[in-house]
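Asker: Pulled from TrEMBL, these are the listed features:
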DOMAIN    322-518  domain 'Glycosyltransferase 2-like'
TRANSMEM  64-85  transmembrane segment
TRANSMEM  106-131  transmembrane segment
TRANSMEM  168-186  transmembrane segment
TRANSMEM  488-517  transmembrane segment
TRANSMEM  523-541  transmembrane segment
TRANSMEM  647-664  transmembrane segment
């Protein structure tokens, strides 16, 4: 038998090329073989060696295929956008005009429309001058032609316009843009400081901790555990889509039943929804949960009035803490056990706030962009302020209050649409401290349509300015430290609630397109490109999976500045829309774990008749009636898209400015204005909330 030649061990070793190898074989029938180097077939191919024609052809074909695919995708998107413009803007199919009842929205629309008309007129004039060769502003220095150089009436008008523009319009725009840029830089520094604070918290692993067993009795004679009395409130109003999952989640909270009371505070004016909520409460009551249903006949004060009415009940005095959940919030069973213990041995603590988590953050582009903003708000703004200042704005839900703190701060007031921020500011002025728990999350929804998101943002930005007017005297005369007063006035209200929407709208939606027609006041590239991209990068850090959406996020935030600016002005000057409260429309989304739990419960009870212990015949008849109401729930109406005139007008203004920048060969300005104009166009046609594939 011939010997086995196994070169695998030798081949796997790292040996120098060209080393002589001698192989001796036992069988004398075989001769000695000397190998002076690797065979030509095994020699590495030199990188400098050229590829043959066939390989080059395949590479070129693959690159051409990718290029054609990219062009085809862009053409498809453009064709779909043009089709949407034709369908929604020209033929008005399946759309309705958005109402302009939000305060002075009509006035703002008229102002924007005047800017658009002026820009179109100037663009037409500039195009004529361009083709006639009248380029007097290619250099920063103005060149006014002499009288002998004047070529007709139109040329004379153009020269007069240049002089007037340089002497009167440019200085005004330059001064306003400088002011806005300074505000922009101040707000950017604030964001950077907050981000550094968040990094420091992560580096040092700073977070509120629970020491020992908080529920173990300190009394030696009394063995066992002591749980404080907790009241849970679920305010809702016509929440057909989410009432069931919210009540179900709260009723499954792990807490002794004799130390817990759940109030379902229903402000619905739809009787069918009232009956459905009553039935859900009765179902959990039959299971032994301590839950009651409350409905107001006089529905004043919106959510604040609802909470104030519930806190006036006589039995509330027996409870020490109150947890609040909006109708779309689904707390985990251990929510109270992870929040209430922080109050023990901390008598100055008034509020423990949990973080929100979103079940529909990947539903469409709009929800993804909202998730970026809210992640930064919770993980950076609220966490940093909670750790270093022990103060932040209450989010209105997913928090636990010490009832004594609410009472000493004046309770719920109906004077604004941001009752949560109102009570937080008054509690802070009374010396109460707040804690934010970033690792305790409560599931909820974000608005999936632009209409719902727009109304929510209007309320969130008009209410703080209205509250600022009311609270300013109390802040100045309060007994808290001066630095706390400065933080409330300068940072909490002015910088983050007033300055931010003001400069965003003025700088990027008004001044930037105007500077294309007034080159003397042109904004530098770092203002419109480098700094905004860097700040967007900081905003996306808490949600790293959203990095592919950094450009849409930047453009969409500039687009939303129109709504936020309008809301800020309404609240600051107490216009009619600042008192408007619109319940944010919900879709009734649930997480995968919730859906699996529901399916498991239904599979267990599908063949078991439901028995209501202790129920009278009248209650049973009511439950049967409720079952019929659930089965007769009307089918959801087909979505009707809106046309938003302010956003559309600004879209055409920005696109007009983009054309002007193209004539002036300003590349960065052209691309920014083009993409920003397209974003405004998508929002104005209500395409930003469409379902993602």
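Note: Cβ is positioned from N, Cα and C throughout, glycine not excepted.
Any TrEMBL annotation is an automated prediction that lacks curation.
Looking at the shown structure, can you explain where the listed features end up?
Answerer: For the transmembrane segment (488-517), the list of distant contacts is 115, 119, 122-123, 126, 173, 176-177, 180-181, 183-184, 186-187, 190, 393, 425, 428, 461, 464-465, 468, 472, 475, 523, 527-528, 557-558, 561-562, 564-565, 567-568, 572, 650, 653-654, 656-658, 660-661, 664, 666, 669, 672-673, 676: same-chain residues at least six beyond its ends, Cβ to Cβ under 8 Å.
Within its own chain, the transmembrane segment (647-664) is flanked in space by residues 89, 109, 112-113, 115-116, 119-120, 122-123, 126-127, 130, 509, 512-514, 516-517, 519, 559, 562, 670, 673-674, 676-681, 683-685, which lie at least six positions past its ends and keep a Cβ under 8 Å from the stretch.
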Asker: Can you work out the mean pLDDT of the predicted model over the domain 'Glycosyltransferase 2-like' (322-518)?
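Answerer: For the domain 'Glycosyltransferase 2-like' (322-518), the model's average pLDDT rounds to 94.
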